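Input: a single structure, listed below in structure tokens.
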Amino acid sequence: MHFWSKVSRSAIYVGMLLLSNIPLLYAQSQSAIEPASAQARGISYIWWSMFWVAVAVFIAVMLILAWGLWRGKADKPTHLSYLASRNLVIVAGVAVPLITVICLVGGSLFLGRTLSEKPPADALEIRITGWMWWWQIEYLDENSNTIATTANELHVPVNKPIQLYLESGDVIHSFWVPQLHGKTDLIPGRTNSSWFEVDVSGTFRGQCAEFCGLQHALMGFLVVSEPQAEFDAWLANQQTPSSAPSTSETTAGQRVFFEAGCQHCHTIKGTDATGTAGPDLTHLASRQSIASVTRQNSRAHLGGWVADPNGIKPGAKMPMSQLEPEELSNLLDYLQSLN
Ligand code: HEC
Ligand SMILES: [Cu+2]
């Protein structure tokens with residue numbers, strides 16, 4: 001193929017990729033070098049020191065190479081030049097790299113120790129359970145009882161230590177919010193822990209970082225850090241049961257929910273729906289996204305999801321449902337009233 005037609009064809013592919021299916025929520029930054037917590041800042045220091053050391057080594061090697069090329073071959077090696085090059089090898093080839101590596105390893109070990117220190121006693125405790133392919137989030141009281149359950153959207157107060165207990169319901173997952181901390185695995189049968197404290201209000205995207213099956217790549221989540229008062233209001237709302245349907249549409253929609261069998265997998269507190277195979281829907285409408293940050297939480301996406309989850313997330317462990325248009329519409333009214 002001609003060079004320019006190759007270029008234009010690639011440009012078209014890239015353009016199509018950009019315009020097509022990239023959900024808006026992917027736009028959130030996921031960068032370990034834009035830290036928003038002390039923990040991530042430590043990690044980014046190590047990252048930058050390694051980067052600058054690598055840059056310095058690269059420049060030094062290039063300079064030595066250039067110098068060697070420029071100098072050319074010595075006419076006749078003397079005893080003295082042999083000694084000089086031997087010392088160069090010992091110093092630049094052994095001593096300097098050894099010291100550099102020891103410093104970098106020492107730095108990361110030291111950081112690792114700091115990061116694994118216990119959090120302050122007043123930390124907010126949250127249990128996160130990884131499921132194929134979504135995140136269950138439970139807020140705990142001081143006796144480790146669950147006081148509120150949500151999914152895929154972790155709210156935390158800013159400037160408050162957050163203690164996470166990480167568990168898995170099926171296979172190994174890994175909890176990773178690059179702007180807040182390094183990865184921690186969620187391993188079946190054990191509880192791992194991690195803690196961080198966010199310095200700024202904002203929304204940070206996280207991602208499962210351990211391959212866990214078909215939809216591993218679409219196992220995202222959001223961390224929303226907000227001022228304490230806003231967080232308190234949010235948590236208070238999450239703790240309340242859902243309010244009873246108040247219109248004829250939402251009443252009919254709730255009936256559809258039970259007739260379609262949704263309650264076998266979903267909990268809606270305040271109703272008879274107590275399933276646990278899928279996300280708690282008690283306050284579904286308060287979340288920004290559905291299906292682990294795969295789609296924004298809008299009526300259209302909800303409708304698409306309920307009708308055919310596998311069309312949005314192939315392999316998703318929720319069956320499709322065949323509903324009459326009016327039933328679907330009522331069901332969506334009901335789901336959207338769960339705020
Ligand atoms: C067999 C179990 C099962 C049944 C039955 C089921 N779901 Fe689900 N549902 C799931 C699972 C699992 C997920 C999470 C999928 C994912 O993100 O990978 C989910 C996700 C959802 C979500 C997105 C929630 C969020 O916060 O991301 C909604 C909304 C939902 N289901 C509604 C329904 C409705 C309405 C019905 C009944 C028509 C229903 N589900 C039936 C298992 C089920
Ligand atoms: Cu996973």
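From the backbone N, Cα and C atoms, a Cβ is placed for every residue, glycine too.
Annotated in TrEMBL:
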type     : residues : note
DOMAIN   : 121-237  : domain 'Cytochrome oxidase subunit II copper A binding'
DOMAIN   : 248-339  : domain 'Cytochrome c'
TRANSMEM : 12-33    : transmembrane segment
TRANSMEM : 45-67    : transmembrane segment
TRANSMEM : 88-111   : transmembrane segment
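Remote same-chain partners of the transmembrane segment (88-111), defined as residues 6 or more beyond its termini with a Cβ less than 8 Å from a stretch Cβ, comprise 42-43, 45-46, 49-50, 53, 57, 60, 64. Taken through DSSP, the domain 'Cytochrome c' (248-339) splits into 43 helix, 6 strand, 43 coil. For the domain 'Cytochrome c' (248-339), the model's average pLDDT works out to 95. Each residue of the domain 'Cytochrome oxidase subunit II copper A binding' (121-237) gets a DSSP state, and the totals for helix, strand and coil are 13 helix, 61 strand, 43 coil.
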